[in-house]
Amino acid sequence: KVPKDEFLISLFVYAGLLIYGVIHVYDAREAIEYVAHFQLIEGWSFIGHKMDASSYSWHMISIFYEDYYWILLLHIILCEICRATKPEFVTYLQIAISIGFMLYAYRIKTCIIVLGQIIPFFFIATIVNSSAWLWFIGFLWLIVLTLFRFTFFIANYDFIEYHDLLSIVAWNILKFMSFMLDRKNVRDPLEQLKFNFVNYCGYMLYFPTMVHGPILVYDRYKCCMDNDGKPKKPLPERILCLVIGIGKLVALFFMVRFTLHFIYVFQLQVNSDAVNNLNIGGLYGFGFLTILYLYFYCILCYGVGRAVSLFDGMDTPPQSKCIATLNTCTSVCKNVDPGLFEFSYNYIYSALCREESNIFRKIFATFVMCLLTFTFSGVHLYLIFWALLIFSCVMLEKLVKIAFTSNYFSSTIGECLSKNNQGRLHRFAIGQIYIPFAISLIFLLSDTDIGMRFIHATYAENPLHYLTLTVWTYAMAHLSDFISERKDKNSNRKFTRQMSKDFV
């Protein structure tokens, strides 16, 4: 339990260091403009500053929904009408909308490639019916995806269409594995009926999540087939949830665009010269903002697909959580991209080990999870650093957990320290692991040079730099634990109230 006075001190330290770092990033704006003048765009006229538009990932999201929001609206309206009149044809309609979208937005070649991936997938997998062969097919497509990324295999391809094609192919590999592995393991005859070719195509070509995700394991998608294809919640409630969800995303989108007039975080991610001009406060402020904007990106990238999927009656993965409230490597891996983590855990980790498995088997399962994530994200040098750092940090965190829960710890250190002091020691130990883990995210979101700049500044320049990060991660751990305690208390209150109602 975190004492309140300690929480207040941690909050003051955490916020103070954070504000200090962000101010230094803001102060570096003019220097960044000088280095990257032609890579910034004209911003909103009433602000009078240039805007950072250096992230092509954010640009792709903006372009996609600006150009095709009406197709998404058409999907919502037509599918709802079909659910009310002929619910058995909803899946056919979803397939038709997605194929129509590809024919309208892309060239015929793109549509042929996507359908050429999906249709043979199904019939080959039906013939082999083996988990090993299914993974072999998925691995072959990962190789094809990697070749697509490195060769720019289609001449004169528009970059936006090329990006969307790679995204569709990548998501379809995971969805294929989810569908086929679930199909292989299902035993109930009624459930087996949901694993036919039409439902497979509807799942693979579900428009709201086809390009920008999130990944829905098939078990979540097929929820919309229950109750004769009619959602459990009434239409007015679903419309309200959809409007609120989309409204929050629009507000977040404009908030991010507003901040990019003052904080050029994306330009710093791609410009090592600009990063080298930052002092140590600005460097760590930039690191925090990089991770914070990853959270914003996940919310916006997956948010629309998640909101429409909920409207269609699907059980979507939970929303990404703010990394600033998570103080362990494992919790970040679970909550940054819950859909991808759920896929990896269900079909890789759980397949390779059990709760009672020995530690070496669990290490191997974790390594395979990291390997899949690395291969799925793209085979690049900076991603190798990212994957290795993540794997190492997760393993170190596991060792710390084993040490703190061991009988030896309880009989020695545990006897000398109170529960609160044991918690403080645990937060300190976890913080030492969280520092390189956070740097691994810099490798993921920037490049190798910028990631190495953080490593050098933290471990080789000045001991005060490392001490500052230790204090900051310790304060963040206090805040994270305090927030978790409050959530647990609120959950217990809700559970108690519900139990009282049920009892009455």
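From the backbone N, Cα and C atoms, a Cβ is placed for every residue, glycine too.
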Which stretch does TrEMBL mark as transmembrane segment, out of 62-81, 162-181, 382-401?
162-181
Give me the stretch from 7-26, 197-218, 239-263, 425-444 with the greatest number of Cβ pairs under 8 Å to the transmembrane segment (162-181).
197-218
Remote residues contacting the transmembrane segment (7-26) - C-beta distance under 8 A, at least 6 residues beyond either end:
262-265, 268, 278-279, 281-286, 288-289, 468, 471-472, 474-476, 478-479, 482
